[in-house]
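Trainee: Got a structure for you, questions after.
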């Protein structure tokens with residue numbers, strides 16, 4: 001009885017996991033969506049594994065079902081562990097890049113534990129319930145997305161959410177990827193097959209109508225994301241599903257008009273919706289009929305790649321080029337899990353400086369496969385691709401014509417051409433086809449973007465669902481009286497679980513304090529910020545970002561005291577600011593951002609005492625070694641040399657700056673000023689004319705200085 005209760009708890013926890021993960025968000029954390037979803041997955045994993053182990057203890061046996069993906073997943077885990085051990089930033093590799101979070105070693109461990117817990121505890125009946133749980137969650141996600149399109153929360157977000165919705169997922173492309181993986185499940189349920197006779201049940205009832213409506217709602221959501229990668233993924237998933245279905249019917253000699261009833265009806269609805277609302281490549285009817293209002297587009301704070309604007313393809317190619325350069329530097333095991341943000345600076349192609357996002361921080365390659373290649377090397381990418389290939393086979397649930405079911409050893413032999421010829425496509429079931437189509441669409445969207453919590457959960461658990469569809473429900477065995485050994489193990493398990501949950505809570509609460517402290521600084525409430533900042537460091541002293549924030553608090557305090565002529569105490573805060581900034585660099589030496597921030601601190605202090613210009617110069621020079629093609633860093637170093645009176649050095653640095661970024665108006669203007677100081681008037685005029693002729697004809701400062709020098 002007790003074992004059955006724990007068995008049910010594991011199942012219910014999976015229902016909760018699938019239902020809530022897409023919906024979870026919290027406005028008081030530094031990142032509203034991904035961070036909270038990641039923490040929720042951590043907590044859910046701890047609970048699920050705890051009750052799974054408890055179930056094993058009570059059963060007095062190992063409850064672990066072998067699956068074809070076991071070895072590939074272990075290989076993938078090993079590649080991540082090795083990459084983390086030799087990472088250029090182990091904390092980032094462990095927890096993921098701060099603000100992205102998903103993709104770190106801990107998240108991978110969580111997904112793998114969830115996979116094994118799923119295949120060991122779920123069966124076909126429970127998995128079908130998971131389908132409906134997912135669809136119920138998707139209803140709320142799509143409903144909110146559609147309401148977003150009509151402006152329900154347009155005043156809350158900085159991005160133009162009316163133009164491109166993101167619902168509770170957090171970003172349009174992420175929402176599109178998740179939607180693409182879910183939509184085929186609605187098709188599968190509409191065409192659900194009877195397990196024994198494989199006949200399509202076409203009976204129309206309320207449930208079918210509800211699923212049909214949900215399918216159209218999800219498609220409308222996809223339209224409102226205006227995600228090109230999402231649409232391409234949808235097309236691929238649709239071709240997979242309906243193409244395979246037709247082939248199956250042809251091979252089974254059952255192709256007739258009924259086969260096309262539902263796909264034709266869905267296609268008609270989808271076509272009407274695309275004509276009415278438009279696509280990423282075409283405008284809606286409303287937009288075509290109405291005159292475009294001037295200045296109607298709200299500025300988006302997300303990147304060009306994430307916004308999907310015209311220049312995204314060009315920038316994506318440049319970033320991919322950079323990812324390949326990183327791989328060449330770290331070919332075998334990569335630079336470290338999720339360290340792309342640190343290594344891209346080292347190899348950033350010069351042509352990136354000529355794009356709209358020349359000074360944007362890229363923490364992902366915007367291609368999951370190149371991301372793995374750069375971060376995890378060849379070992380990581382190959383293990384990842386093996387997982388994908390075998391996942392596709394496991395999801396397909398291919399069977400041999402000569403046997404009732406493929407064994408694990410036979411499954412691996414599928415990679416041999418001699419075995420591939422024995423596959424019978426007629427035996428693919430509708431549920432598996434739905435999962436396969438969604439998975440294929442997800443792989444396509446990952447090619448143009450990257451995985452997030454909601455999509456990663458599906459990436460790892462869709463194969464688990466497919467496996468569990470082959471598992472019959474089992475009756476729980478009666479529990480015996482607990483032995484002394486069982487009691488001891490349970491007593492050890494309880495504090496371990498408590499510790500893991502407490503650590504997860506502290507991790508989450510630390511970020512809340514971080515967000516609160518940042519807000520207090522922005523509002524000028526420095527004294528209160530000091531208190532919350534101190535609490536933050538007490539909770540998480542090893543997070544470099546928090547030390548960087550603390551240095552900002554101390555420098556703001558020092559500047560305030562200096563303005564109020566309290567020199568006797570502001571020096572103490574200067575030392576503290578410098579100490580915290582250096583501590584952030586010490587904890588994360590590969591992160592150029594902390595060197596840039598420490599430079600800003602020194603430049604602020606230089607307004608009080610010019611001696612800090614030397615500190616700024618030294619710190620910035622170290623940053624440039626790590627980011628040699630960062631035009632803004634070079635420009636700022638040139639300005640520092642101007643302030644110290646070293647015009648020759650400033651000239652060399654600024655000349656190099658405009659060499660790697662030809663359209664850098666500020667750098668060319670500074671170079672003109674330096675040449676003016678060095679009495680090199682022709683060169684000064686040349687720089688000013690370049691600004692006016694090729695960059696900005698209306699540049700007032702360039703015109704004024706050119707007039708002073710005489711045209």
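Cβ atoms are placed via backbone N, Cα and C, with glycine included.
A TrEMBL annotation is a machine prediction, not a hand-curated record.
Below are the features I grabbed from TrEMBL:
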DOMAIN    215-385  domain 'O-antigen ligase-related'
REPEAT    631-664  repeat 'TPR'
TRANSMEM  9-27  transmembrane segment
TRANSMEM  39-57  transmembrane segment
TRANSMEM  69-88  transmembrane segment
TRANSMEM  100-118  transmembrane segment
TRANSMEM  130-152  transmembrane segment
TRANSMEM  172-192  transmembrane segment
TRANSMEM  204-224  transmembrane segment
TRANSMEM  230-250  transmembrane segment
TRANSMEM  262-283  transmembrane segment
TRANSMEM  377-395  transmembrane segment
TRANSMEM  423-442  transmembrane segment
TRANSMEM  482-501  transmembrane segment
Trainee: Need a quick answer: max count of Cβ pairs under 8 Å to the transmembrane segment (482-501), which of 9-27, 39-57, 172-192, 230-250, 377-395 is it?
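Mentor: Stretch with maximum Cβ contacts: 39-57.
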Trainee: Short question: which residues 6 or more past the ends of the transmembrane segment (39-57) have a Cβ under 8 Å from it?
Mentor: 3, 6-7, 9-10, 13-14, 16-17, 20-21, 24, 63, 106-107, 110-111, 113-114, 117, 120-121, 453, 457, 486, 489-490, 493, 497, 500-501, 504, 507-508
Trainee: Based on DSSP, tally up the residues of the repeat 'TPR' (631-664) by helix, strand and coil.
Mentor: 27 helix, 0 strand, 7 coil
Trainee: Can you tell me which parts of the same chain pack against the transmembrane segment (262-283), counting only residues 6+ beyond its ends and a CB-CB cutoff under 8 A?
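Mentor: Counting only partners 6 or more residues beyond its ends, the transmembrane segment (262-283) has Cβ contacts under 8 Å with 187, 190-191, 202, 212, 215-216, 219-220, 223-224, 226-228, 231, 242, 245, 308.
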Trainee: Express the predicted model's confidence over the repeat 'TPR' (631-664) as a mean pLDDT, rounded to an integer.
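Mentor: Mean pLDDT, the repeat 'TPR' (631-664): 95.
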Trainee: Counting only pairs at least 6 apart in sequence, do the transmembrane segment (130-152) and the transmembrane segment (69-88) share 3+ Cβ pairs under 8 Å?
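Mentor: Checked: the transmembrane segment (130-152) vs the transmembrane segment (69-88), no contact.
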Trainee: Six or more residues beyond either end and a Cβ under 8 Å away: which residues meet both conditions relative to the transmembrane segment (69-88)?
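Mentor: Those are 94, 105, 108-109, 112, 115-116, 333-337, 339, 342-343, 375-377, 379-380, 383-384, 386-387, 390-391, 394, 463, 467, 590, in sequence order.
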